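> Take a look at the following structure, please.
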Amino acid sequence: MTILPLHQILPAIHWVQLVSDNARSPVYAKSFAKRPRLDQRDSKATNRWSSTTTPRTKQQKNMPTLTSSRDEKFVKNDWDKRMALGAQAIRLPVRQSSRRDMYDTSLLPKKISSAPVSPLVIPARQFSSQRKQLDQSQGLRIPIRQISQQCLLETEPSKERKSLNNHKKTTELLAQVLEDFSHMPIEEKGTRVTRQGGMLHRCQHQSRSTACDMIFAIFLPHSYDESSATTPALYYLSGLTCNDQNCSQKAGAFPHADAADLALVLPDTSPRGDGVANDDAYDLGQGAGFYINATQEPWKAHFQMESYIQKELPVVINENFPGINPALKSITGHSMGGHGALTLAFKSKLSGETDWKSVSVFAPICHPTACPWGKKAFENYFGSVEDGLAHDATELLKQLAKKSLLYDDILIDQGLDDEFLKDQLCLDDFETTATSVGQTVTIRRHEGMDHSYYFIAACVADHIDFHAKKLKSFS
């Protein structure tokens with residue numbers, strides 16, 4: 001018995017296809033070894049092989065006969081015959097040899113190992129432990145997502161121990177990077193959104209307040225300069241069911257902010273993720289954070305939006321966008337975000353921790369302890385409506401008056417066709433309290449306007465001008 005080495009029969013092979021179904025698939029081969037020349041063929045033979053071909057064995061006779069004329073395409077393009085071969089899971093031998101004269105399979109590629117592979121984290125690049133050493137030419141755009149993702153590398157079983165060691169080292173490196181840059185956002189490619197050159201950046205970072213990844217967007221006007229912290233910022237808080245993209249896509253605020261040299265910060269409305277508590281209702285859970293710090297299970301682990309907006313997010317903005325002036329910031333919001341803007345502005349004045357220079361709102365929830373939305377949220381997040389009084393703008397306004405911490409003016413726009421005006425927003429309650437305590441409030445009521453972003457788009461320019469003037473007076 002003779003086994004032909006691969007290098008001798010390779011020129012005679014017309015087509016070899018290797019298929020592996022978890023290292024068990026057969027090897028199919030079609031060969032024209034010792035094929036007679038055209039002028040030597042039997043013209044009456046229906047088979048492409050000459051009449052002198054070695055007789056086929058019984059087992060070979062059960063195999064499908066592969067024939068073709070000179071003008072036919074070969075079997076590799078004939079799907080029916082390929083499927084026939086695959087269905088019988090046979091090994092097609094070389095025609096001019098016996099079944100035992102097969103290829104020397106020791107020369108063929110070895111089967112792919114199905115052993116489990118160890119996940120290794122591949123850092124996109126090396127990082128310094130000190131943020132000040134970051135390449136200023138690259139800004140602070142650190143692709144943490146590329147580091148945190150686990151890339152599976154196939155390793156040989158014999159090197160399993162080495163792989164585990166590498167995995168341990170890379171895991172330690174990842175932990176160190178995430179600790180050093182826990183506030184560093186992942187920034188997607190900036191998008192130009194104004195003619196003058198204003199840019200919108202959408203960022204993600206690991207939040208300590210909410211214990212999950214948080215996404216925010218920031219618009220930087222064309223006048224933004226990283227070398228000088230002079231650009232003021234306006235924070236916009238969105239309403240129920242919204243996220244950071246609603247304002248950027250629907251409000252039409254960017255050209256006005258660009259003209260006013262004002263940055264816009266657009267945070268999400270709640271923590272999100274598979275491990276974050278949620279509810280099937282639209283007005284509770286993810287998308288309905290109400291900008292408070294929850295105290296009840298299962299919400300308190302992640303729903304700490306007050307701390308996130310008041311303390312953490314401004315630090316993240318200042319660390320990663322050095323052209324923003326940390327002392328010049330104002331706040332606005334819509335609906336639930338209007339409630340958040342009012343309460344966070346009032347509470348920051350009462351605590352003295354954060355100073356929002358001005359506040360304005362669109363169709364805000366002004367008295368949440370007196371409306372269904374607020375009652376439901378406070379009962380779940382705090383355990384009772386009474387515990388929510390410390391997060392009610394109408395009640396907080398009374399405390400501001402006692403300490404003489406009132407704003408010089410608050411701008412409020414409200415559509416009179418708003419379906420939630422009477423039962424949910426309670427604007428009249430807030431107006432009555434403001435009048436009684438001496439808080440100046442500019443309330444503009446608009447005929448024919450509802451609760452949608454059409455209403456916001458119609459009024460957003462005035463709000464941006466309102467805040468730009470207030471912030472300029474502090475610069």
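The backbone N, Cα and C atoms fix where each Cβ goes, and this holds for glycine too.
As the structure is a computational prediction, the values presented were derived from the model and not from experiment.
Copied straight from TrEMBL:
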type     : residues : note
ACT_SITE : Ser335   : active site, charge relay system
ACT_SITE : Asp418   : active site, charge relay system
ACT_SITE : His451   : active site, charge relay system
COMPBIAS : 36-45    : compositional bias 'Basic and acidic residues'
COMPBIAS : 46-68    : compositional bias 'Polar residues'
REGION   : 32-70    : region 'Disordered'
> Using a Cβ cut-off under 8 Å and a sequence separation of 6 or more, which residues in the same chain sit near Ser335 (active site, charge relay system)?
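Those within reach of Ser335 (active site, charge relay system), by Cβ under 8 Å and sequence separation of 6 or more, are Gly239, Leu240, Phe362, Ala363, Pro364, Ile365, Phe420, Leu425, His451.
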> Taking the Cβ of Asp418 (active site, charge relay system) as centre, how many other Cβ atoms lie within 10 Å?
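Summing over all protein chains shown, Asp418 (active site, charge relay system) has 20 other Cβ atoms within 10 Å.
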> Run through the Cβ atoms and count how many others sit within 10 Å of the one on His451 (active site, charge relay system).
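For His451 (active site, charge relay system), the 10 Å Cβ neighbour count is 21.
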> Using DSSP, would you call Asp418 (active site, charge relay system) helix, strand or coil?
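SS state of Asp418 (active site, charge relay system) = coil.
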